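If you look up Swiss-Prot, you'll see Arg22, Glu79, Lys119, Lys453 marked as (6S)-5-formyl-5,6,7,8-tetrahydrofolate binding site, on the strength of sequence analysis. Under the heading GTP binding site, Swiss-Prot lists 225-230, 244-250, 269-272, 334-337. The K(+) binding site annotation in Swiss-Prot covers Asn225, Thr244, Ile246, Thr249. Summarising the annotation, Swiss-Prot assigns Mg(2+) binding site to Ser229, Thr250. If you look up Swiss-Prot, you'll see 215-376 marked as domain 'TrmE-type G'.
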Amino acid sequence: MTTDTIVAQATAPGRGGVGIIRVSGDLASNVAMAVLGHIPKTRYADYCDFKEDSGEVIDQGIALFFKGPNSFTGEDVLELQGHGGQIVLDMLIKRVMEVDGLRIAKPGEFSEQAFMNDKLDLTQAEAIADLIDATSEQAAKSALNSLQGEFSTQVHDLVEKVTNLRLYVEAAIDFPDEEVDFLSDGKIAASLNGIIGKLDGVQASAKQGSIIREGMKVVIAGRPNAGKSSLLNALAGKESAIVTEIAGTTRDVLREHIHLDGMPLHIIDTAGLRDTADTVEKIGIERAWDEIRTADRVLFMVDGTTTPAVDPHEIWPDFIDRLPNNLGVTVVRNKADLTGEDLAITTEAGHSVYRISAKTGLGVDDLKQHLKSLMGYQSNLEGGFIARRRHLEALDLASSHLLLGKEQLEVYQAGELLAEELRMCQMALSEITGKFTSDDLLGKIFSSFCIGK
């Protein structure tokens, strides 16, 4: 952890009504004496002149002083809030840097200091950047929930439960002469299953939080001429894909990135799936399957004029059987303007079924609402937290250790191996909040922040 005193502009570069210079570290009071001529009363707004060493006034504004550890970073912090012209702010930073021992902060270094001083855990620190970068009200609310500790609390609760179970297992190993066989009395198995269930719930919430932050990848797939490219154009609101009556027009992957009420959606149009002797079309079909395998959702596009079926297993069983397990599928029956079928939304064999006309736009708004719902859109903006890819990976790793531990217990009654899997699970979970985290990971996370944050 650095003991340097750092300084940076905390507001965005450019012209604005107010500009803020932030100083954090032991020399913050020295800066106050040099620039203001006094140290402001802690946590009180002080309207004063910001002066050169000669006494010439650079600007007038509000000075705020926070005595550590009662500050954002846990150190002494001075904020100078002046007028937002970039020249004025540059002059003020130049003046502050005349105090010996200061340096310009690196991106994210104020948040990193807060993390190092236990003012924030890692998920809360990341939530600051996510709140700044939020592209929707839902993303902003979820990031704020993470900043306030909702995600951290759930992870800490899991760590505590895993730790307690590990201690119980190790006690059973250390005292083998006790009359009760702790490994087979059912208590450990019940506790382990309870933890696995809770972790499953956190994983589901985290995946939803990741979609809110990073967007959902939706692949439009189906046979040639089902209307896949027309649907891409309808969702994107522009002519992104060429649409013709010729089967196999789309031979490569087409991508569109759109926002539905601010929520990011990555739409992938793919080549029509069929057996073909055309070499180029074969390559396009393989690329289509590559996209399907990494999708969050598949829109199974069906030409409604070719079949009345709504159950995807009946429409094309080979396609459904080839899909990855747990990949969500929405059946989209296209060309409702020609079939005359009702636009009702139904569920068949566990899959949502939508009737639309990609050409005329009938039913497309309902499909958009469906996609928003899948991404976690909530009109009341209550609940949920933001999550990143690294959080999902850590949760997956923790889950795998729990399942391995369960196998060691149920199949082999191997208490030592169960205890080791619980220890590995504990470490994986603790990486989320930064309890056990490499310096390389910390550097990567905080370097993506804004300077001054």
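Every residue, even glycine, has its Cβ placed from backbone N, Cα and C.
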Inset, instruction - Measure from the CA atom of Lys228 (GTP binding site) to the CA atom of Lys119 ((6S)-5-formyl-5,6,7,8-tetrahydrofolate binding site) and give the result in Å, rounded to a whole number. - result: 50
Legend entry - Candidate binding-site residues Arg22, Glu79, Ser229, pick with smallest Cα gap to Lys335 (GTP binding site): Ser229
Inset, instruction - Looking only at the domain 'TrmE-type G' (215-376), report the model's average pLDDT. - result: 89
Inset, instruction - Using DSSP with the three-state reduction, classify Lys119 ((6S)-5-formyl-5,6,7,8-tetrahydrofolate binding site) as helix, strand or coil. - result: coil
Inset, instruction - From the binding-site residues Arg22, Glu79, Ser229, pick the residue whose C-alpha lies nearest to the C-alpha of Ala271 (GTP binding site). - result: Ser229
Inset, instruction - Could you round the CA separation between Arg22 ((6S)-5-formyl-5,6,7,8-tetrahydrofolate binding site) and Ser229 (Mg(2+) binding site) to a whole angstrom and send it over? - result: 51
Legend entry - Inter-residue C-alpha distance, Asn225 (GTP binding site) and Glu79 ((6S)-5-formyl-5,6,7,8-tetrahydrofolate binding site) (nearest angstrom): 62
Legend entry - Distance, Ser229 (Mg(2+) binding site) to Glu79 ((6S)-5-formyl-5,6,7,8-tetrahydrofolate binding site) (CA atoms, angstrom): 53
Inset, instruction - Look up Glu79 ((6S)-5-formyl-5,6,7,8-tetrahydrofolate binding site) in the DSSP assignment and reduce it to helix, strand or coil. - result: strand
Inset, instruction - State which of the following binding-site residues has the fewest other Cβ atoms within 10 Å around its Cβ: Asn225, Lys228. - result: Asn225
Inset, instruction - Provide the three-state secondary structure of Ser229 (Mg(2+) binding site) computed with DSSP. - result: helix
Inset, instruction - Please work out the number of neighbouring Cβ atoms within 10 Å of the Cβ of Ser229 (Mg(2+) binding site), leaving out its own Cβ. - result: 24
